[in-house]
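What TrEMBL says about this protein:
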type    : residues                               : note
DOMAIN  : A:38-409                               : domain 'Luciferase-like'
BINDING : A:Thr111, A:His161, A:Tyr165, A:Ser236 : FMN binding site
Amino acid sequence: MSIATSTHPTVDAEAAQTRGQIHLGVFFQGVNFSTVWNAAESGSQTEFESFRRLIQTAERGLFSAFFLGEGLRLREHLGAIHALDVVGRPDAGIQLAALAAVTHRIGLVATQNTTFHEPTALAHRLGTLDLLSEGRAAWNIVTTDNAWTGENFRRGGYLDHADRYTHAEYVVNTVKALWDSYPADAPADSPDAAAWSAPGTAESVVTADRYTSVAAVSRVPRSAQEHPVLFQAGDSPEGRDFAARNADVIFSTHSAFEAATDFAADIRHRTEAAGRPADDLKIFPGQEFILADTEAEARDKARWVRESQVTPQTALAFLEQTWGRSLGEFDPEGPLPDIPSVAEQTSETRGTGFHGHRAAEQIASWRALSEEKGLSIRQLVIHLTSGRGFVGSYSGVADELLRYAEAGVVDGFNVTPYLVPSGLDDIVNGLIPELQERGIYPTEYRGETLREHLGLRRPLTRRHLA
Amino acid sequence: MSESTRPPFVIGVELDGTGAHPAAWRDAAISPRESLSPRYLARVAAEADRAGFSFLTLEDAPVTPETAAPDAPAGSQLSPRPGVTARLDALQRAAYVAPLTGSIGLVPFADAVYVEPFHLAAQLASLDIASAGRAGWVVLAEEFPGAAEAVSWLPAAGDDLPREATDTAAVSRLIWDSWQDDAVIRSVETGHYIDPERLHYVRYRGERFSVTGPGITPRPTQGHPVVFGRADRVAARQLEVAFVSAAHPTIVAERALELTGQVPRVVAELEVVLDARGERAAARLARLDAHTPAHTPDHTGGVSARGRFVGTAAGLVEHLTEYADVVHGVRLLPAVTDVDLPEIARAVLPELRRRGLFRSPVAGDTLRDTLGLDRPSNTFEAARAAEPASHPEREAAIR
């Protein structure tokens, strides 16, 4: 069932037409400690029913896309498996195939890295998902050169860091070539046809780079959207250019209005430089939404969310990454540890995206901050991690999003729900009707495929075709 | 089978493509294009589920269907598909039908050679969890022309294939066991979502690949999805259900006897062509063969030819009754799914149930329940219980 169509009486239809639309995506199982697993309403992170409930809620709210993340080695902290956050996830290609059967229009996005998946396997499995979902599949392209992750795979840490993006681009191009290689007008559309496939087998695709060579025959026809939609998240200049050349949608962490504005200008410039129309690459920052009827209630809720996310143990673990040693003897509700770090560089929780800073400088700045504001360890960590997200009343946040839509600096937001499986209920029941009233949110799924719904053009390699 | 506590007799059905006969697509109700659609897949899987089959299988290969089995069934695990140039991933097809079916086991073929074992284990675990414990897999280990060139490592070849497939099956079990069933504890007191003591590094060092682990997916609902395959393709000790293929029930019986004590369950493969829609089975077969000659089963007793039943539904009931004396089940391969599956559902399974020879699974049954197989214990828990301090690098030799 879709959200009832409603038009705000003051919104001029034409203005609404030209006004940017905000799409929403949802990311299942947030990274690090974003998911609150210790509340009464926290459900299973494993059972299929949690996924079904969340994706069906998203579809009720006309979300564009449902994302599954990927982590191919369990994170470690100080040499042991990190135990404080949600651990364990399904294979994205399998889970999304199952979810395709219980949804009709929402996009299904599999995060898959280009280093430890074979190009032929990626083309086949993403192509399969695209046919099973009738044109709703997408690939969130991620790159890694992590030898530590490679210990779970045949080739180990085979990839030089410097070649991360060039190899990824080789893989993406090979996957596209495989998708394009299946003959048009095949298979036959009648059991009375002379042959199962009149043009016969696909041509073999032969490619090679420094690391990989492929000679493969595709066995998946294209779906109604021709190629799965390509998403990419890369924030370095190299990553942004990679997206500008290859992706349909780029994620970002730049959700604050000014940062989003700068990011959009930069991406549009790069997209044009890559020979594409400026609006060819859609922009979806990741964002958390904490909503309630009133601003004050939302602030209370946000406090509860932060305290649930940053448990005393998580607060210590956060600091331990910088101190490089166990801080178990310190009271998380007490002052910062008065000892120096053991490592020159921060010891990152492996498998996370934390970036290292020189530990001593980091610690000094945190000490200054906690002394100035009188913060305990846990209060400091909550303070450091609270900047993200929209917190407010339904109408207040809708007004904020209106600003983004009118400025055209984002095409959508990718929501990380802090609760599973009920984490989208507030957005779907409370925020989306407000957005629809302001004419900045879809009132129905546009077209049948994800590509149509997002308003994307044909895949880059097929645009020249009739 | 003569033991006093006789395991249940199971009946599976193959649902890949439009049927097992190489010309099946010409008699199908839908076009080749529609045969790849989710609607068709959902329809036949739901039909098999409603009919009460124990499990469904979905053939697959890492190359095009026409390349995979040019002269099957004599030399391949797969049905011949001349001219067929497309097929979707069987694991994902099984996942797609999981929420659309209630009790039938879901057993895709999965290549165990041209594959990353770590991904395969996660995929099978995910299928088992999404289907509430109805997953199995058929270990596929064949040397397909062109498959080696499609991957970035040098795959095993020739006689090494069964060893590679055995390694893949073995490491999959270790990856599934790398999470204890009770690993997720959600302790508010300690802040631990998982108990790290209940997760285990696999540290598998095989001849051709190694895996550090643990897996990324919690332990599957059944502990391990059920492992099906042929004992000449993968070591019998890894198999829980062995397929045997032979033209005559007497040869099937001999081969089943050879496997007794090595594999818990033996299931015979049988192609089926039934009288249907006012046409005799033999006439249907002749018409299909006129399009594309099917491999003729080797009636002289060749060991790898598949059996084939051509006749009435009542005749098939009698035939299966004979099989029930020599094997634990059958995997039926309808010549044309749209024609033979409804006949089996209408006139064969109900009669076998009436005679008490066969019991259909009910909602909530796992595939292990259906097969009468125990849920496997966890290797790492057992090792820890036996020798608390042990932490050996796992060598290929332990498998």
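Just so it is clear, glycine is given a Cβ too, placed from its N, Cα and C backbone atoms.
Values in this document were obtained by computation on a predicted structure and should not be read as measured data.
Its Cβ taken as reference, A:Ser236 (FMN binding site) is surrounded by 10 other Cβ atoms within 10 Å in the chains shown. Secondary structure at A:Thr111 (FMN binding site), as computed by DSSP, is strand.
With A:Thr111, A:His161, A:Tyr165, A:Ser236 listed as the residues that bind FMN, the site has a largest C-alpha separation of 20 Å. In sequence order, A:Phe67, A:Leu68, A:Gly69, A:Glu70, A:Ala92, A:Asn140, A:Val142 make up the list of same-chain residues 6 or more apart from A:Thr111 (FMN binding site) whose Cβ falls under 8 Å from its Cβ. Counted within 10 Å of its Cβ, the other Cβ atoms near A:Tyr165 (FMN binding site) come to 19, all protein chains included.
Taken as a whole, the domain 'Luciferase-like' (A:38-409) shows an average pLDDT of 93 in this prediction. If you take the C-beta of A:His161 (FMN binding site) and look for same-chain residues 6 or more apart in sequence within under 8 angstroms, you find A:Asp145. Under DSSP, A:Ser236 (FMN binding site) is assigned to coil, being neither helix nor strand in the three-state scheme.
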